[in-house]
Ligand code: HEM
Ligand SMILES: [Cu+2]
């Protein structure tokens, strides 16, 4: 399977790094002789593979922090009467006489949500795999602009530093929830976390959005311009379709959050009243008039809803790829998969107000948003059906990546169903701001996106590091996590239906909720165990980078282009010419074929016995 196919049309318009032929030998040269300094190679690198690893490792660090915060607030919810003296050395003044400070509790949930949604599942997931896979799977030497790509990581890094520092502020980090609704977020005097912590949050988010936009423009340009010869849009792996559409979603919605954040900064620091009106503090009227806190919600959710798809679509793409590879079957309904991604992308812009059914909006408007929201169930169901049909009668290999992908489908179904419940305004009015919503989005987004992330790491680790992750540890990690998330989030539906509100520090003051005392303990225990199970993965990850079994070029017998590169691809990805592409990425178990997979770069002329009638005419 020599990869030295014609190169002349390696359509590498523009960007210097990726010019075929000319630059490449130079790059190989660089690599072998270490002319690049350590700093250029590993720190301020413009190589998409290094940048991907930077995103991944930063994401893992954030996930550990985000998980620790949730363990802390679950301790409080599970054992509200107990004291936690042993935490005093770590939490300082946030814990008094063993009791968590209620305002610190709000800071914990706010930072947990912010970190998980943006820093782990957006930057860590999408940033890692868009960077790693786009050039490798479309057949490009690097991103369109390596420099912008590097900036994208370093803006994320700067944003991370600001957010991290805010954890240690005297008055604590932001505490208005990950959705930072005003007036709580707009009035620095409201609660301690509304002060400097909120300012840091906004500055960090602004930097984060710059990072997202730099990355997104680059991904889009790369996919449009740098595909190798033969790689038409209809031969793209679904991963790339997902990353491509995700980048478009980000590009169109993050700027709206940016403007909302900017206006909020003005309200906080420069006396404007975009989001404030008629506010009284301790009987004293504030001068602000004319603004609307609901306006903020509209701006926030105009990003916020697409954001949940920014988080989930890359995972969907990777899961599609991994399911087909390990079921040894073509993905079922390739075009329907692309169509449903397109459908979800379009719809995701016109449903945002389903987060706002209780804001007093006109019920007619509510019913329009309800209608549009429920339509999303259609493309979501198409995808689910196609994943299941791909598995159906497949020759399934239960690799760790495959287990996590199947887990993804399971969680997406379990969490998606309750979306349909919440999408009904009449039901949502009862359920809004209860644990039912928390259960919904932790299954459908939190857990399933994490499963997509894990699936991706188990599957592409060999290409990233040239070594394999340990599969036995992978199984342990999978089962503990899979059982863990269901044990944590299924019971939450139950307490949510009973009206248990989210973001409450203590429920002991409410008689009707004391019946959930045991259930809350159970959820907390399961959550903390599931959190500690993640260290199996973290150990496996760092151990295997150095000590894992050595990988081969194509350990999963996969069809896509990244597996035609050397075990650890160098700068420029292919030592010789970039292979041209002749077929779609899902030629698994083709009748009449010599093997159960035919890579994308193999021409039909070499596979006569397996060609379908119309494929015979194509060469
Ligand atoms: C059939 C599809 C879905 C429908 C109809 C749906 C509907 C809803 C509705 C109506 C809410 C608002 C509940 C409330 O606050 O009262 C909501 C919350 C949420 N949904 Fe979904 N959803 C669906 C799928 C998804 C998916 C796929 C994701 C993420 C990948 C997601 C993530 C979220 C998040 C993060 C929230 C809560 C945000 C917050 O208030 O903090 N949903 N969903
Ligand atoms: Cu939404």
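Every residue gets a Cβ built from N, Cα and C, even glycine.
Because TrEMBL annotations are produced automatically, they should be read as predictions rather than curated entries.
Range 308-324 is the one annotated as transmembrane segment, of 308-324, 495-511, 546-562 (source: TrEMBL). Of the listed segments 473-494, 583-604, TrEMBL assigns transmembrane segment to 473-494. Between the transmembrane segment (150-169) and the stretches 200-226, 336-358, 522-543, it is 200-226 that has the most C-beta pairs under 8 angstroms.
Of the Cβ pairs linking the transmembrane segment (522-543) with the transmembrane segment (200-226) and spaced 6 or more residues apart, fewer than 3 are under 8 Å, so the two regions do not touch.
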